[in-house]
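**Student:** My questions all concern the structure below.
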Amino acid sequence: MAAANRLVVFIALISLTSSPALATDGKPLQDYCVADKGGAVPMNGFACKPPQSVTPNDFTFSGLNKPGDTANPAGFKVTLVTVDQIPGLNTQGLSMGRLDFGPGGVNAPHIHPRASEMLIVMEGSLEVGFVTTLPETKLITKVLQAGEAFVFPQALTHYQRNVGKGPAVAISALDSQNPGTQRVVAAVLGSNPKLPVEVVAKALQADNNVAAQLLSKFK
């Protein structure tokens, strides 16, 4: 009997850890749970607004038709649509964004720790890629044209670069209401407080002077 119980527990654990619902934000248990951002109770996500106070505006966002301002050093601008912009995304497990690239613009290497991403090019040409984990650290990259899509697996370092002669536009969809973003270089060189110079030097296989100079570029 004890052996049978252990088998049942083992099967239950395997089922739970392999459930797609646990891979991202989980499945909602009701029709909707519009985020109550003023809720006093901290939780993983947001508490729900009372249904009687929910309006159509809680499920609406305007702005994805507007080009982002790419007049910056990266030549890139993202317009995010997460639970912060649409409270009705709370518990729905998805978000999206519009990515605008000027000529030569780059969405620098970054990570979404809580989401996989699918990107479709709407205009122009984008070089896209991601890097696998150790020990291979293989770069998987491709140049996309308008109408083509690409998938970035969850939590892997990835980037996009405009390789066309004009501007480029893409739309991305992510399977989390709050995917999070960590810029790889900014995380290493721009943390607050700063990483020790010696740590950065070892990571970059450079001397301390070079590491200090690089750290000084990120305020």
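In case you wondered, yes, glycine gets a Cβ from its N, Cα and C as well.
Feature list, courtesy of TrEMBL:
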BINDING   ASN107, HIS112, GLU117  oxalate binding site
BINDING   HIS110, HIS112, GLU117, HIS158  Mn(2+) binding site
DISULFID  CYS33-CYS48  disulfide bond
DOMAIN    62-212  domain 'Cupin type-1'
SIGNAL    1-23  signal peptide
**Student:** For the domain 'Cupin type-1' (62-212), what's the model's average pLDDT?
**Tutor:** 96
**Student:** Quick check: of the binding-site residues listed here (ASN107, HIS112, HIS158), which one has the Cα closest to that of CYS33 (disulfide bond)?
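**Tutor:** The smallest Cα gap between CYS33 (disulfide bond) and any of the binding-site residues is with HIS112.
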**Student:** Which residue, of the binding-site residues HIS110, HIS112, HIS158, has its CB surrounded by the fewest other CB atoms within 10 A?
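**Tutor:** Least crowded of the binding-site residues HIS110, HIS112, HIS158, by Cβ count within 10 Å, is HIS110.
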**Student:** Compute the C-alpha separation of HIS112 (oxalate binding site) from CYS48 (disulfide bond), stating it in Å without decimals.
**Tutor:** 25
**Student:** Can you tell which of the disulfide-bonded residues (CYS33, CYS48) has the fewest other C-beta atoms within 10 angstroms of its C-beta?
**Tutor:** CYS48
**Student:** Around the Cβ of ASN107 (oxalate binding site), how many other Cβ atoms lie within 10 Å? Please give the count over every shown protein chain.
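**Tutor:** Result for ASN107 (oxalate binding site): 24 other Cβ atoms within 10 Å.
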**Student:** Provide the number of Cβ atoms within 10 Å of the Cβ of GLU117 (oxalate binding site), excluding the reference atom itself.
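**Tutor:** Within a 10 Å radius of the Cβ of GLU117 (oxalate binding site) lie 22 other Cβ atoms.
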**Student:** List the residues in the vicinity of the oxalate site, defined as same-chain residues other than ASN107, HIS112, GLU117 with C-beta within 8 angstroms of the site's C-beta centre.
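**Tutor:** Apart from the listed residues, the neighbours are HIS110, ILE111, ALA115, LEU119, PHE152, HIS158, SER172, LEU174, PRO179, THR181.
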**Student:** To the nearest Å, how far is the Cα of CYS48 (disulfide bond) from the Cα of HIS110 (Mn(2+) binding site)?
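**Tutor:** CYS48 (disulfide bond) and HIS110 (Mn(2+) binding site) have their Cα atoms 31 Å apart.
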**Student:** Between the Cα atoms of ASN107 (oxalate binding site) and HIS158 (Mn(2+) binding site), what distance do you get, rounded to the nearest Å?
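**Tutor:** So the alpha carbons of ASN107 (oxalate binding site) and HIS158 (Mn(2+) binding site) sit roughly 9 Å from each other.
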